[in-house]
Amino acid sequence: MDVRIKCNSEEPESPEQKILASSQRLLQFTNCRLVRDHRIIHDDLWVRDGRIVNPEPVFFDERTKAHCRIDCGGAIIAPGYIDLQINGGYGVDFSYDTETIEEGVATVARGLVKSGVTSFCPTLVTSPSDSYHTILPRIPAEVPKGAGILGIHAEGPFINPQKKGAHPEHCIQTIDKGLSTLKETYGSLERIKIITLAPEKVTDPEVIGQLVERGITVALGHSMASLSDGERAVQQGATLITHLFNAMLPFHHRDPGLVGLLASDAVPHGRTVYFGIISDGVHTHPAALRIAYRTHPQGLILVTDAISALGLEEGVHHIGQLPLQVKQGKAFIAGTETLCGSIAPMDECVRIFQKATDCSVVYAIEAATLHPAQCLKIEKQKGTLDFGSDADFVLLDDQLRVLSTWIAGVCVHRTVK
């Protein structure tokens, strides 16, 4: 699928320079299929000033023609992918690289666009308080030519040590002074968009609601919670489950735990419980993916939960506290067969999920676009190709491989054949 660009201007710069570097011109993407309104339609996409525009007033009111027409060669145009849980990548670990966090986040943001990700939440695992105080204020608000930063996902430290996973147990804390405990731990709540906590460890019934009032999405995870614990947290305002099936009680017919929230009748009317799920072909069995999809499709969100080895070549890499070995698309503790995290990029997760569940292409894409945007209540700006939304999108071939990635109407990545 070749993308061909034709511009009307007589300016000396080449058409490719125009289209790749400017968001101010009126752009018309033709010969494409749009993911819009839960289906794939044959239509043109119009972009100007970093947003998707309605062509009708442009034609009839402004009487303006497109400055550049981009022939997409029959490609699918989908909203840009949104990753709500990613611990690092390209040799960067958000939780440990405290001295170089600005450069590290920029490296990851620019790397993610290769896999179609246009927005993400840098995720910090359970850490000492002084690490939060150092890292949080230094994470950049934006990165030129990189995926947008929606805010930080603080995965811990208010979790259950019995389900700590790879989180350092000595850094786990309890919420003993209500909201003030969180403020003291993180230093500030301003940059935080998501907090993962264990609901059974929350003794103050007002904490979750207070976080939600501040625009923070409360996620449940790394937990031994019963279903009733989870239902109580949802009734208090929690709306997300962190990496479903991982670091929580397994489903049991007498008490299904947090997994039971997917079918709970105690969820307040009109509220959706969302859940992240890792479809990297390693962490979650295909049958588990199908169960989650068929039980609660409107809440399913694809996340990578990727670690620092994402995007690195095969071999041994010395990152953070342990040497890692990347082989056969998996990350191991070097010299062992112990898996140490996911390294599948988002576009691969979308393809794996679509194949495992046999869902529609549109649904697989929406699980990485619309659903995370809805979870964060930003669906008016991100996650769709609706008129007025941000012009963050990805061109895909029929196998859902990334051809190019666009942020605010500017091309930030093109796949080289």
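Note: Cβ is positioned from N, Cα and C throughout, glycine not excepted.
Annotated active site, proton donor/acceptor per Swiss-Prot: D305, in sequence order. Per Swiss-Prot, the feature divalent metal cation binding site maps to E155, H222, H243. Under the heading substrate binding site, Swiss-Prot lists A166, H167, N246, A247, R254, D280, G281, V282, H283, L339, C340, G341.
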Open item on the list: Need the DSSP three-state call for E155 (divalent metal cation binding site) to compare against my parser.
Closed with: strand
Open item on the list: Rank the binding-site residues H222, H243, R254, H283 by how many other Cβ atoms lie within 10 Å of each Cβ and give me the one with the fewest.
Closed with: R254
- [ ] Based on Cβ atoms within 10 Å, give me the single least packed residue among the recorded positions E155, D305.
- [x] D305
Task: Lowest local Cβ density (other Cβ within 10 Å) among binding-site residues: A166, C340 - done: A166
Task: H243 (divalent metal cation binding site) as reference: those recorded positions from A166, R254, G281, D305, C340 with C-alpha within 10 Å of it - done: D305
Task: Span of A166, H167, N246, A247, R254, D280, G281, V282, H283, L339, C340, G341 around substrate - largest C-alpha separation, Å - done: 32
TODO: Compare the C-alpha of R254 (substrate binding site) with the C-alpha of each of the recorded positions E155, H222, D305, and give the closest one.
DONE: H222
TODO: Please list residues from the chain of N246 (substrate binding site) whose Cβ is under 8 angstroms from its Cβ, counting only those at least six apart in sequence.
DONE: G165, I278, H283, T284
Task: Shell of the divalent metal cation site beyond E155, H222, H243, same chain only (C-beta within 8 angstroms of their C-beta centre) - done: Q85, V125, G156, I159, G165, H167, T196, A219, G221, T242, N246, A247, D305
Open item on the list: Please report the Cα separation of H222 (divalent metal cation binding site) and A166 (substrate binding site) in Å, rounded to an integer.
Closed with: 10
- [ ] To the nearest whole angstrom, state the Cα distance for the pair C340 (substrate binding site) and E155 (divalent metal cation binding site).
- [x] 17
Open item on the list: Need this for a regression test: binding-site residues E155, A166, G281, filtered to those with Cα within 10 Å of D305 (active site, proton donor/acceptor). What's left?
Closed with: none
Task: Euclidean distance between Cα atoms of A166 (substrate binding site) and E155 (divalent metal cation binding site), Å - done: 12
